[in-house]
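Annotated in TrEMBL:
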- 35-440: domain 'Major facilitator superfamily (MFS) profile' (DOMAIN)
- 33-53: transmembrane segment (TRANSMEM)
- 73-93: transmembrane segment (TRANSMEM)
- 100-117: transmembrane segment (TRANSMEM)
- 123-144: transmembrane segment (TRANSMEM)
- 165-184: transmembrane segment (TRANSMEM)
- 196-220: transmembrane segment (TRANSMEM)
- 256-275: transmembrane segment (TRANSMEM)
- 295-315: transmembrane segment (TRANSMEM)
- 327-343: transmembrane segment (TRANSMEM)
- 349-369: transmembrane segment (TRANSMEM)
- 389-409: transmembrane segment (TRANSMEM)
- 415-435: transmembrane segment (TRANSMEM)
Amino acid sequence: MVLQEPAGVPSPSAAAGGLGDAAAEVQLSRLRWAVLLLFSSYSLCNAFQWIQYGSINNIFVRFYDVSAFAIDWLSMSYMLIYIPLLFPVAWLLDKRGLRLIALAGSALNAMGAWVKLGSLKPHLFPVTVLGQVICGLAQVFILGMPSRIASVWFGSHEVSTACSIAVFGNQLGIAAGFLVPPVLVPNVEDEEKLAYHISIMFFMIAGVASALFILVIIVFKEKPPNPPSRAQASIQSRPTSEYSYVQSILRLLRNINFLLLMVTYGLNVGCFYALSTLLNRMVIHHYPGEEVNAGRIGLTIILSGMVGALISGIWLDKTKTYKQTTLVVYIMSLVGMIIYTFTLSLGHLWVVFVTAGLLGFFMTGYLPLGFEFAAELTYPESEGTSSGLLNVSAQIFGIAFTIGQGQIMDRFGTRAGNLLLCSVLFLGTVMTAFIKADLRRQQANLENEQTVSKPPSVPAVPLLLAQNNTQPLSSF
(Lines of atoms letter the chains of each structure in order from A; the text may use other names.)
(Lines give C-alpha, C1' and ligand atoms only; values in the text may rest on other atoms or scores of the structure.)
Protein backbone atom coordinates (compact mmCIF):
# COMPACT_ATOMS: atom_id res chain seq x y z
CA MET A 1 0.00 0.00 0.00
CA VAL A 2 1.33 3.43 -0.96
CA LEU A 3 0.35 6.28 1.32
CA GLN A 4 -1.05 9.24 -0.64
CA GLU A 5 0.00 12.56 0.83
CA PRO A 6 -1.76 15.93 0.57
CA ALA A 7 -0.67 18.08 -2.34
CA GLY A 8 1.86 20.72 -1.49
CA VAL A 9 2.71 19.15 1.85
CA PRO A 10 6.31 17.97 2.21
CA SER A 11 6.46 14.30 3.09
CA PRO A 12 8.57 12.98 5.92
CA SER A 13 10.23 10.68 3.44
CA ALA A 14 11.47 13.63 1.46
CA ALA A 15 12.94 15.09 4.60
CA ALA A 16 14.61 11.76 5.23
CA GLY A 17 16.61 11.96 2.03
CA GLY A 18 14.12 10.37 -0.32
CA LEU A 19 13.91 7.05 1.44
CA GLY A 20 10.14 7.05 1.30
CA ASP A 21 10.10 7.67 -2.45
CA ALA A 22 12.47 4.75 -2.98
CA ALA A 23 10.41 2.57 -0.69
CA ALA A 24 7.19 3.49 -2.51
CA GLU A 25 8.72 2.07 -5.70
CA VAL A 26 9.74 -1.25 -4.16
CA GLN A 27 8.30 -4.04 -6.29
CA LEU A 28 9.19 -7.66 -7.06
CA SER A 29 9.77 -8.67 -10.68
CA ARG A 30 8.40 -11.92 -12.07
CA LEU A 31 11.58 -12.27 -14.13
CA ARG A 32 13.61 -12.81 -10.95
CA TRP A 33 12.97 -16.56 -10.92
CA ALA A 34 14.03 -16.96 -14.55
CA VAL A 35 17.26 -15.06 -13.87
CA LEU A 36 17.94 -17.19 -10.80
CA LEU A 37 17.24 -20.46 -12.64
CA LEU A 38 19.45 -19.48 -15.57
CA PHE A 39 22.34 -18.51 -13.31
CA SER A 40 21.99 -21.76 -11.35
CA SER A 41 22.05 -23.72 -14.61
CA TYR A 42 25.30 -22.35 -16.01
CA SER A 43 26.83 -22.48 -12.53
CA LEU A 44 25.85 -26.18 -12.51
CA CYS A 45 27.59 -26.70 -15.84
CA ASN A 46 30.78 -25.04 -14.60
CA ALA A 47 30.84 -27.01 -11.34
CA PHE A 48 30.38 -30.26 -13.26
CA GLN A 49 33.56 -29.51 -15.21
CA TRP A 50 35.43 -28.79 -11.98
CA ILE A 51 34.94 -32.28 -10.54
CA GLN A 52 34.53 -34.42 -13.69
CA TYR A 53 38.22 -35.43 -13.60
CA GLY A 54 38.49 -36.01 -9.87
CA SER A 55 35.42 -38.27 -9.70
CA ILE A 56 37.16 -40.80 -12.01
CA ASN A 57 40.72 -39.89 -11.04
CA ASN A 58 42.10 -43.39 -11.57
CA ILE A 59 40.69 -43.62 -15.14
CA PHE A 60 42.18 -40.32 -16.28
CA VAL A 61 45.52 -41.23 -14.63
CA ARG A 62 45.67 -44.30 -16.86
CA PHE A 63 44.35 -42.60 -20.02
CA TYR A 64 46.76 -39.64 -19.96
CA ASP A 65 49.56 -41.61 -18.27
CA VAL A 66 50.10 -38.96 -15.60
CA SER A 67 50.22 -39.02 -11.80
CA ALA A 68 47.18 -38.81 -9.54
CA PHE A 69 48.57 -35.52 -8.28
CA ALA A 70 48.47 -34.11 -11.84
CA ILE A 71 44.77 -34.99 -12.08
CA ASP A 72 44.20 -33.41 -8.66
CA TRP A 73 45.67 -30.21 -10.05
CA LEU A 74 42.94 -30.11 -12.69
CA SER A 75 40.55 -29.49 -9.80
CA MET A 76 42.93 -27.26 -7.89
CA SER A 77 43.48 -25.09 -10.98
CA TYR A 78 39.99 -23.67 -10.38
CA MET A 79 41.08 -22.61 -6.91
CA LEU A 80 44.43 -21.24 -8.01
CA ILE A 81 43.02 -19.13 -10.86
CA TYR A 82 40.37 -17.56 -8.64
CA ILE A 83 42.77 -16.02 -6.13
CA PRO A 84 44.54 -13.38 -8.31
CA LEU A 85 41.49 -12.62 -10.47
CA LEU A 86 38.95 -11.99 -7.71
CA PHE A 87 39.55 -8.25 -7.37
CA PRO A 88 39.47 -7.38 -11.09
CA VAL A 89 36.25 -9.36 -11.58
CA ALA A 90 34.66 -7.97 -8.40
CA TRP A 91 35.54 -4.46 -9.63
CA LEU A 92 33.86 -5.26 -12.96
CA LEU A 93 30.80 -6.54 -11.12
CA ASP A 94 30.54 -3.27 -9.18
CA LYS A 95 31.19 -1.03 -12.17
CA ARG A 96 29.45 -2.87 -15.02
CA GLY A 97 26.84 -4.93 -13.20
CA LEU A 98 25.41 -8.43 -13.30
CA ARG A 99 24.73 -8.87 -17.02
CA LEU A 100 28.32 -8.40 -18.25
CA ILE A 101 29.61 -10.81 -15.59
CA ALA A 102 26.94 -13.37 -16.51
CA LEU A 103 27.83 -13.12 -20.21
CA ALA A 104 31.56 -13.51 -19.53
CA GLY A 105 31.08 -16.46 -17.17
CA SER A 106 28.77 -18.41 -19.46
CA ALA A 107 30.89 -17.67 -22.56
CA LEU A 108 34.15 -18.83 -20.96
CA ASN A 109 32.40 -21.90 -19.60
CA ALA A 110 31.27 -22.92 -23.10
CA MET A 111 34.66 -22.11 -24.62
CA GLY A 112 36.53 -24.28 -22.12
CA ALA A 113 34.16 -27.19 -22.74
CA TRP A 114 34.82 -27.07 -26.50
CA VAL A 115 38.61 -26.87 -26.01
CA LYS A 116 38.51 -30.11 -24.02
CA LEU A 117 37.19 -31.91 -27.10
CA GLY A 118 40.66 -31.46 -28.59
CA SER A 119 42.25 -33.57 -25.85
CA LEU A 120 40.95 -37.04 -26.74
CA LYS A 121 44.41 -38.58 -27.23
CA PRO A 122 46.72 -39.65 -24.37
CA HIS A 123 49.48 -37.25 -25.46
CA LEU A 124 47.11 -34.26 -25.44
CA PHE A 125 46.94 -33.78 -21.67
CA PRO A 126 48.15 -30.13 -22.01
CA VAL A 127 45.03 -29.40 -24.13
CA THR A 128 42.71 -30.69 -21.42
CA VAL A 129 44.66 -28.55 -18.93
CA LEU A 130 44.04 -25.50 -21.17
CA GLY A 131 40.33 -26.27 -21.34
CA GLN A 132 40.15 -26.63 -17.59
CA VAL A 133 42.00 -23.35 -17.08
CA ILE A 134 39.43 -21.55 -19.27
CA CYS A 135 36.63 -23.13 -17.23
CA GLY A 136 38.46 -21.99 -14.12
CA LEU A 137 38.41 -18.44 -15.50
CA ALA A 138 34.65 -18.79 -15.95
CA GLN A 139 34.31 -19.79 -12.32
CA VAL A 140 35.76 -16.42 -11.24
CA PHE A 141 32.74 -14.79 -12.91
CA ILE A 142 30.32 -17.18 -11.18
CA LEU A 143 31.21 -17.75 -7.53
CA GLY A 144 30.59 -14.20 -6.31
CA MET A 145 27.16 -13.89 -7.92
CA PRO A 146 24.65 -15.72 -5.61
CA SER A 147 24.31 -13.11 -2.87
CA ARG A 148 24.45 -10.25 -5.41
CA ILE A 149 21.64 -11.75 -7.52
CA ALA A 150 19.62 -12.40 -4.37
CA SER A 151 20.00 -8.80 -3.17
CA VAL A 152 19.41 -7.11 -6.53
CA TRP A 153 16.43 -9.23 -7.60
CA PHE A 154 14.71 -10.54 -4.43
CA GLY A 155 12.78 -9.06 -1.50
CA SER A 156 14.02 -8.96 2.08
CA HIS A 157 11.85 -11.93 3.11
CA GLU A 158 13.11 -14.25 0.35
CA VAL A 159 16.71 -13.13 -0.10
CA SER A 160 18.26 -15.97 1.94
CA THR A 161 16.19 -18.59 0.15
CA ALA A 162 17.15 -17.08 -3.22
CA CYS A 163 20.83 -17.16 -2.27
CA SER A 164 20.49 -20.83 -1.28
CA ILE A 165 18.88 -21.67 -4.62
CA ALA A 166 21.63 -19.80 -6.47
CA VAL A 167 24.23 -21.87 -4.63
CA PHE A 168 22.17 -24.98 -5.43
CA GLY A 169 23.21 -24.82 -9.06
CA ASN A 170 26.87 -25.09 -8.17
CA GLN A 171 26.20 -27.91 -5.73
CA LEU A 172 23.98 -29.79 -8.16
CA GLY A 173 26.73 -29.52 -10.76
CA ILE A 174 29.21 -31.09 -8.34
CA ALA A 175 26.64 -33.81 -7.63
CA ALA A 176 26.26 -34.49 -11.35
CA GLY A 177 30.05 -34.44 -11.65
CA PHE A 178 30.23 -37.23 -9.11
CA LEU A 179 27.40 -39.29 -10.62
CA VAL A 180 27.66 -38.95 -14.41
CA PRO A 181 31.37 -39.47 -15.29
CA PRO A 182 31.62 -42.94 -13.67
CA VAL A 183 28.53 -43.97 -15.68
CA LEU A 184 29.57 -42.42 -19.02
CA VAL A 185 33.25 -43.38 -18.76
CA PRO A 186 33.60 -47.00 -17.59
CA ASN A 187 36.99 -48.33 -16.58
CA VAL A 188 37.77 -50.22 -19.81
CA GLU A 189 41.23 -51.28 -20.93
CA ASP A 190 40.93 -50.46 -24.65
CA GLU A 191 42.32 -46.97 -25.28
CA GLU A 192 40.08 -46.21 -28.28
CA LYS A 193 36.91 -47.21 -26.45
CA LEU A 194 37.95 -45.13 -23.46
CA ALA A 195 38.56 -42.09 -25.70
CA TYR A 196 35.12 -42.62 -27.25
CA HIS A 197 33.39 -42.64 -23.85
CA ILE A 198 35.30 -39.53 -22.76
CA SER A 199 34.28 -37.75 -25.99
CA ILE A 200 30.59 -38.42 -25.27
CA MET A 201 30.93 -36.72 -21.88
CA PHE A 202 32.83 -33.76 -23.35
CA PHE A 203 30.34 -33.31 -26.23
CA MET A 204 27.35 -33.36 -23.88
CA ILE A 205 28.72 -30.71 -21.56
CA ALA A 206 29.88 -28.50 -24.48
CA GLY A 207 26.41 -28.59 -26.02
CA VAL A 208 24.69 -27.73 -22.75
CA ALA A 209 27.16 -24.91 -22.00
CA SER A 210 26.62 -23.38 -25.45
CA ALA A 211 22.81 -23.48 -25.11
CA LEU A 212 23.04 -21.78 -21.72
CA PHE A 213 25.27 -19.04 -23.10
CA ILE A 214 22.64 -18.28 -25.77
CA LEU A 215 19.91 -18.16 -23.10
CA VAL A 216 21.98 -15.75 -21.00
CA ILE A 217 22.22 -13.41 -24.00
CA ILE A 218 18.45 -13.49 -24.46
CA VAL A 219 17.07 -13.67 -20.89
CA PHE A 220 19.55 -12.30 -18.35
CA LYS A 221 18.86 -8.67 -17.41
CA GLU A 222 20.98 -6.24 -15.42
CA LYS A 223 18.39 -5.54 -12.70
CA PRO A 224 14.60 -5.36 -12.26
CA PRO A 225 12.71 -2.17 -13.16
CA ASN A 226 12.13 -1.43 -9.45
CA PRO A 227 14.25 -2.29 -6.40
CA PRO A 228 12.94 -5.40 -4.60
CA SER A 229 13.66 -4.19 -1.05
CA ARG A 230 14.13 -0.96 0.86
CA ALA A 231 17.75 -1.81 1.57
CA GLN A 232 18.38 -2.23 -2.17
CA ALA A 233 16.47 0.99 -2.92
CA SER A 234 18.74 2.83 -0.50
CA ILE A 235 21.84 1.47 -2.25
CA GLN A 236 20.53 2.32 -5.74
CA SER A 237 19.68 5.87 -4.68
CA ARG A 238 23.25 6.48 -3.50
CA PRO A 239 25.27 8.61 -5.96
CA THR A 240 27.97 6.58 -7.69
CA SER A 241 30.51 9.25 -6.82
CA GLU A 242 30.14 8.28 -3.18
CA TYR A 243 31.33 4.72 -3.83
CA SER A 244 35.00 3.77 -3.94
CA TYR A 245 35.92 0.14 -4.65
CA VAL A 246 39.28 0.38 -2.89
CA GLN A 247 37.72 2.05 0.16
CA SER A 248 35.07 -0.66 0.20
CA ILE A 249 37.72 -3.40 0.39
CA LEU A 250 39.59 -1.51 3.11
CA ARG A 251 36.38 -1.17 5.14
CA LEU A 252 35.76 -4.90 4.79
CA LEU A 253 39.29 -5.72 5.94
CA ARG A 254 38.79 -3.51 9.02
CA ASN A 255 35.56 -5.31 9.91
CA ILE A 256 36.65 -7.79 12.60
CA ASN A 257 33.46 -9.86 12.43
CA PHE A 258 33.78 -10.21 8.67
CA LEU A 259 37.47 -11.17 8.94
CA LEU A 260 36.55 -13.93 11.40
CA LEU A 261 33.82 -15.14 9.06
CA MET A 262 36.19 -15.02 6.10
CA VAL A 263 38.66 -17.33 7.86
CA THR A 264 36.01 -19.73 9.21
CA TYR A 265 34.25 -19.88 5.84
CA GLY A 266 37.57 -20.66 4.16
CA LEU A 267 38.32 -23.43 6.65
CA ASN A 268 34.93 -25.11 6.18
CA VAL A 269 34.67 -24.80 2.40
CA GLY A 270 38.36 -25.62 1.99
CA CYS A 271 37.68 -28.91 3.76
CA PHE A 272 34.77 -29.53 1.38
CA TYR A 273 36.98 -28.87 -1.66
CA ALA A 274 39.66 -31.26 -0.38
CA LEU A 275 37.10 -33.93 0.46
CA SER A 276 35.46 -33.65 -2.97
CA THR A 277 38.75 -33.75 -4.88
CA LEU A 278 40.13 -36.75 -2.98
CA LEU A 279 36.89 -38.71 -2.47
CA ASN A 280 37.52 -41.12 -5.36
CA ARG A 281 40.98 -41.97 -4.02
CA MET A 282 39.62 -42.52 -0.50
CA VAL A 283 36.80 -44.84 -1.54
CA ILE A 284 38.86 -46.82 -4.08
CA HIS A 285 41.54 -47.35 -1.42
CA HIS A 286 39.08 -49.10 0.91
CA TYR A 287 36.66 -50.48 -1.72
CA PRO A 288 38.62 -51.37 -4.92
CA GLY A 289 36.64 -51.33 -8.15
CA GLU A 290 33.83 -49.21 -6.71
CA GLU A 291 34.25 -46.15 -8.95
CA VAL A 292 30.50 -45.88 -9.56
CA ASN A 293 29.69 -46.08 -5.85
CA ALA A 294 32.41 -43.52 -5.11
CA GLY A 295 30.55 -41.16 -7.42
CA ARG A 296 27.26 -42.01 -5.71
CA ILE A 297 28.76 -41.24 -2.32
CA GLY A 298 29.80 -37.84 -3.65
CA LEU A 299 26.28 -37.40 -5.01
CA THR A 300 24.89 -38.23 -1.56
CA ILE A 301 27.10 -35.60 0.07
CA ILE A 302 25.93 -32.91 -2.34
CA LEU A 303 22.22 -33.76 -2.43
CA SER A 304 21.95 -33.92 1.34
CA GLY A 305 23.84 -30.62 1.50
CA MET A 306 21.35 -29.04 -0.90
CA VAL A 307 18.53 -30.07 1.41
CA GLY A 308 20.44 -28.61 4.34
CA ALA A 309 21.08 -25.37 2.42
CA LEU A 310 17.40 -25.00 1.49
CA ILE A 311 16.24 -25.63 5.05
CA SER A 312 18.77 -23.18 6.48
CA GLY A 313 17.84 -20.54 3.87
CA ILE A 314 14.13 -20.79 4.72
CA TRP A 315 15.00 -20.79 8.43
CA LEU A 316 17.07 -17.62 8.07
CA ASP A 317 14.30 -15.83 6.17
CA LYS A 318 11.90 -16.70 8.99
CA THR A 319 14.11 -16.10 12.05
CA LYS A 320 17.12 -13.97 10.96
CA THR A 321 19.25 -15.96 13.46
CA TYR A 322 22.41 -15.85 11.35
CA LYS A 323 25.00 -16.29 14.10
CA GLN A 324 23.18 -19.10 15.92
CA THR A 325 22.40 -21.03 12.74
CA THR A 326 25.95 -20.69 11.41
CA LEU A 327 27.44 -21.93 14.69
CA VAL A 328 25.11 -24.93 14.96
CA VAL A 329 25.79 -25.95 11.34
CA TYR A 330 29.54 -25.61 11.91
CA ILE A 331 29.43 -27.79 15.02
CA MET A 332 27.42 -30.45 13.20
CA SER A 333 29.88 -30.34 10.27
CA LEU A 334 32.63 -31.22 12.75
CA VAL A 335 30.55 -34.04 14.24
CA GLY A 336 29.74 -35.38 10.77
CA MET A 337 33.42 -35.29 9.74
CA ILE A 338 34.46 -37.22 12.85
CA ILE A 339 31.83 -39.91 12.26
CA TYR A 340 32.78 -40.19 8.56
CA THR A 341 36.47 -40.49 9.44
CA PHE A 342 36.01 -43.47 11.74
CA THR A 343 33.41 -45.32 9.64
CA LEU A 344 35.05 -45.10 6.19
CA SER A 345 37.23 -48.17 6.75
CA LEU A 346 34.62 -50.44 8.38
CA GLY A 347 34.07 -52.37 5.14
CA HIS A 348 30.36 -51.55 4.75
CA LEU A 349 29.51 -49.21 1.88
CA TRP A 350 26.00 -48.52 3.19
CA VAL A 351 27.54 -47.09 6.37
CA VAL A 352 29.71 -44.78 4.27
CA PHE A 353 26.61 -43.59 2.38
CA VAL A 354 24.81 -42.77 5.63
CA THR A 355 27.72 -40.97 7.28
CA ALA A 356 28.59 -39.10 4.06
CA GLY A 357 24.98 -37.93 3.84
CA LEU A 358 25.11 -36.63 7.41
CA LEU A 359 28.39 -34.83 6.72
CA GLY A 360 27.11 -33.31 3.48
CA PHE A 361 23.86 -32.08 5.05
CA PHE A 362 25.80 -29.71 7.28
CA MET A 363 29.13 -29.10 5.52
CA THR A 364 27.65 -28.39 2.07
CA GLY A 365 24.63 -26.73 3.62
CA TYR A 366 26.98 -24.18 5.20
CA LEU A 367 27.92 -22.56 1.86
CA PRO A 368 24.94 -20.20 1.38
CA LEU A 369 24.92 -19.44 5.12
CA GLY A 370 28.36 -17.89 4.81
CA PHE A 371 27.34 -15.69 1.87
CA GLU A 372 24.23 -14.40 3.60
CA PHE A 373 25.92 -13.84 6.96
CA ALA A 374 28.64 -11.86 5.17
CA ALA A 375 26.03 -9.72 3.38
CA GLU A 376 24.49 -8.90 6.77
CA LEU A 377 27.79 -8.09 8.47
CA THR A 378 29.07 -5.87 5.66
CA TYR A 379 25.98 -3.94 4.43
CA PRO A 380 25.98 -1.60 2.49
CA GLU A 381 29.19 -2.87 0.88
CA SER A 382 28.89 -4.77 -2.39
CA GLU A 383 27.83 -8.40 -1.97
CA GLY A 384 30.10 -9.31 -4.87
CA THR A 385 33.16 -8.03 -3.00
CA SER A 386 32.32 -9.71 0.31
CA SER A 387 31.43 -12.99 -1.43
CA GLY A 388 34.62 -12.78 -3.46
CA LEU A 389 36.77 -12.41 -0.35
CA LEU A 390 35.03 -15.42 1.19
CA ASN A 391 35.75 -17.43 -1.93
CA VAL A 392 39.41 -16.38 -2.02
CA SER A 393 39.76 -17.66 1.51
CA ALA A 394 38.08 -20.92 0.49
CA GLN A 395 40.35 -21.37 -2.56
CA ILE A 396 43.53 -20.75 -0.55
CA PHE A 397 42.56 -23.20 2.17
CA GLY A 398 41.20 -25.62 -0.45
CA ILE A 399 44.55 -25.83 -2.23
CA ALA A 400 46.45 -26.20 1.06
CA PHE A 401 44.10 -28.87 2.42
CA THR A 402 43.95 -30.83 -0.86
CA ILE A 403 47.73 -30.99 -1.14
CA GLY A 404 48.22 -31.61 2.59
CA GLN A 405 45.55 -34.27 2.91
CA GLY A 406 46.71 -35.97 -0.28
CA GLN A 407 50.29 -36.19 0.98
CA ILE A 408 49.16 -37.44 4.40
CA MET A 409 46.94 -40.08 2.76
CA ASP A 410 49.84 -41.32 0.64
CA ARG A 411 52.11 -41.66 3.68
CA PHE A 412 49.87 -42.41 6.65
CA GLY A 413 46.50 -43.50 5.21
CA THR A 414 43.04 -42.00 4.71
CA ARG A 415 42.16 -41.78 8.43
CA ALA A 416 45.14 -39.54 9.16
CA GLY A 417 44.20 -37.30 6.23
CA ASN A 418 40.61 -37.00 7.43
CA LEU A 419 41.77 -36.23 10.98
CA LEU A 420 43.51 -33.18 9.52
CA LEU A 421 40.12 -31.94 8.31
CA CYS A 422 38.56 -32.70 11.70
CA SER A 423 41.13 -30.55 13.49
CA VAL A 424 40.57 -27.72 10.98
CA LEU A 425 36.79 -27.81 11.51
CA PHE A 426 37.29 -27.73 15.29
CA LEU A 427 39.37 -24.56 14.93
CA GLY A 428 36.69 -23.04 12.68
CA THR A 429 33.96 -23.85 15.21
CA VAL A 430 35.82 -22.05 17.99
CA MET A 431 36.42 -18.99 15.82
CA THR A 432 32.77 -18.87 14.72
CA ALA A 433 31.70 -18.56 18.35
CA PHE A 434 33.53 -15.20 18.53
CA ILE A 435 31.66 -13.60 15.59
CA LYS A 436 29.17 -10.96 16.75
CA ALA A 437 25.76 -10.87 15.05
CA ASP A 438 25.95 -7.30 13.70
CA LEU A 439 23.04 -7.62 11.22
CA ARG A 440 23.36 -4.31 9.37
CA ARG A 441 21.18 -5.18 6.38
CA GLN A 442 18.26 -6.24 8.59
CA GLN A 443 18.68 -3.08 10.62
CA ALA A 444 18.55 -0.96 7.45
CA ASN A 445 15.35 -2.67 6.32
CA LEU A 446 13.82 -2.18 9.75
CA GLU A 447 14.73 1.52 9.90
CA ASN A 448 13.37 2.16 6.41
CA GLU A 449 10.12 0.34 7.23
CA GLN A 450 9.72 2.48 10.34
CA THR A 451 10.39 5.64 8.30
CA VAL A 452 7.77 4.71 5.70
CA SER A 453 5.18 3.61 8.29
CA LYS A 454 5.25 6.98 10.13
CA PRO A 455 2.16 9.12 9.29
CA PRO A 456 2.95 12.32 7.38
CA SER A 457 3.29 15.35 9.61
CA VAL A 458 0.86 17.93 8.17
CA PRO A 459 1.50 21.57 9.25
CA ALA A 460 -1.24 22.75 11.60
CA VAL A 461 -1.93 26.18 10.05
CA PRO A 462 -2.52 25.08 6.43
CA LEU A 463 -4.69 22.22 7.67
CA LEU A 464 -6.80 24.64 9.80
CA LEU A 465 -7.21 26.99 6.81
CA ALA A 466 -8.37 24.14 4.64
CA GLN A 467 -10.97 23.13 7.23
CA ASN A 468 -12.35 26.69 7.61
CA ASN A 469 -12.30 27.36 3.87
CA THR A 470 -10.48 30.68 4.53
CA GLN A 471 -8.14 32.70 2.31
CA PRO A 472 -4.53 31.59 1.84
CA LEU A 473 -1.79 32.93 4.07
CA SER A 474 -0.69 35.47 1.45
CA SER A 475 -3.93 37.46 1.96
CA PHE A 476 -3.31 38.12 5.64
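Just so you know, glycine gets a Cβ as well, placed from its N, Cα and C.
Only sequence-distant pairs (6 or more apart) were considered; of these, fewer than three Cβ pairs between the transmembrane segment (100-117) and the transmembrane segment (389-409) are under 8 A, so the stretches are not in contact.
With a cut-off of 8 Å on Cβ pairs spaced 6 or more residues apart, the transmembrane segment (196-220) and the transmembrane segment (389-409) reach fewer than 3 such pairs and are scored as not touching. At the 8 Å Cβ cutoff, the transmembrane segment (389-409) and the transmembrane segment (256-275) share at least 3 close pairs (sequence separation 6 or more) and count as touching. Count of Cβ pairs under 8 Å against the transmembrane segment (415-435): among 33-53, 295-315, 327-343, 349-369, the largest is for 327-343.
Of the Cβ pairs linking the transmembrane segment (33-53) with the transmembrane segment (349-369) and spaced 6 or more residues apart, fewer than 3 are under 8 Å, so the two regions do not touch. Away from its own ends, the transmembrane segment (256-275) comes close to residues 75, 79, 301, 330, 333, 337, 363-364, 366-367, 370, 373-374, 377-378, 386, 389-390, 392-398, 400-402, 404-405, 421, 424-425, 427-428, 431-432, 434-436, 438 of its chain (Cβ-Cβ under 8 Å, at least six residues beyond either end). Ranking 73-93, 123-144, 165-184, 295-315, 327-343 by CB pairs under 8 A with the transmembrane segment (349-369) puts 295-315 at the top. Note on the domain 'Major facilitator superfamily (MFS) profile' (35-440): its mean pLDDT in the predicted model is 87.
Remote same-chain residues near the transmembrane segment (123-144) are listed as 42-43, 46, 49-50, 53, 64, 66, 70, 74, 77-78, 80-82, 85-86, 89-90, 93, 101-102, 104-109, 111-116, 170, 383-385, 387-388, 391 (criterion: CB distance under 8 Å, separation of at least six residues from the stretch ends). Sequence-distant contacts of the transmembrane segment (165-184) (same chain, at least 6 residues past either end, Cβ-Cβ under 8 Å): 36, 39-52, 54-56, 142-143, 145-147, 149-150, 197, 200-201, 204, 276, 279, 291-292, 294-299, 301-303, 305-306, 309-310, 313, 364, 367-368, 371.
Listed as Cβ neighbours of the transmembrane segment (295-315) (distance under 8 Å, sequence separation of 6 or more from its ends, same chain) are residues 51, 55-56, 160-165, 167-168, 171-172, 174-183, 275-276, 279-280, 283, 321, 325, 329, 352-353, 356-369, 372.
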